[in-house]
Amino acid sequence: MPTFNQLVKYGREKRKKKSKAPALQGCPQKRGVCVRVYTVTPKKPNSALRKVARVRLSNGIEVTAYIPGEGHNLQEHSIVLVRGGRVKDLPGVRYKIIRGALDAAGVEGRRQSRSKYGTKRPKEEKGG
């Protein structure tokens, strides 16, 4: 327990906040090149084949990023934009690829939450 005089002289040390997406180095997004595109199985209660990509970022760091949405056009050497955000049931996946930016096309046929999947507004059909 510090004395009052010690607190006046030195103050308390602020706790450092640890980044949840360190590879982005404080940037909101980073550009990268897909090194490998593959599927992984999620943790225990869930079952699926989740689409992920190993991405080498423009700062040289290599990360595993999740590809959201149904279907994608990504392959090796595709250039993508990566943002922070983990996938709870995939251990070690702490980044997501932004759909509709650079080489990652938007999700086809998406009608709701389109902005999150890079989908353009659908054409209005003539209603009878």
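Each Cβ is built from the backbone N, Cα and C atoms, and glycine gets one as well.
It is 1-24, from the ranges 1-24, 73-96, that Swiss-Prot records as region 'Disordered'. Mapped onto DSSP classes, the region 'Disordered' (1-24) shows 10 helix, 0 strand, 14 coil. In terms of DSSP secondary structure, the region 'Disordered' (105-128) contains 4 helix, 0 strand, 20 coil.
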